[in-house]
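Lifted from Swiss-Prot, the feature list:
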type	residues	note
DISULFID	C53-C65	disulfide bond
DISULFID	C54-C61	disulfide bond
DISULFID	C58-C64	disulfide bond
MOD_RES	P63	4-hydroxyproline
SIGNAL	1-20	signal peptide
Amino acid sequence: MMSKLGVLLTICLLLFPLTAVQLDGDQPADLPALRTQDISTDHSPWFDPVKRCCSRYCYICIPCCPN
């Protein structure tokens, strides 16, 4: 039984090596187009200054309010 698990683990590691997993440093920046533009969320009509987040249209305004 243990040898079967060892063979299965070896096959899985050969098919999906750990180097294929991206680390946090390799992740692309989320919404890079919004980061390059000078968009102030404080002036957005959907920004709620009390909650300090956007209540609607989260693809335009960041950060989104939790539902």
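FYI, residue positions are counted from 1 along the chain as it appears here.
Glycine is treated like the rest: Cβ placed from N, Cα and C.
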C-alpha spacing of the residue listed as '4-hydroxyproline' relative to C53 (disulfide bond), in angstrom: 5
P63 (4-hydroxyproline) and C54 (disulfide bond), distance between Cα atoms, whole Å: 6
Which listed residue (C53, C54, C64) has most other Cβ within 10 Å, given these are disulfide-bonded residues: C54
Around the Cβ of C65 (disulfide bond), the count of other Cβ atoms that are within 10 Å: 15
Per DSSP, three-state class assigned to C54 (disulfide bond): strand
All-chain count of other Cβ atoms within 10 Å of the residue listed as '4-hydroxyproline': 12
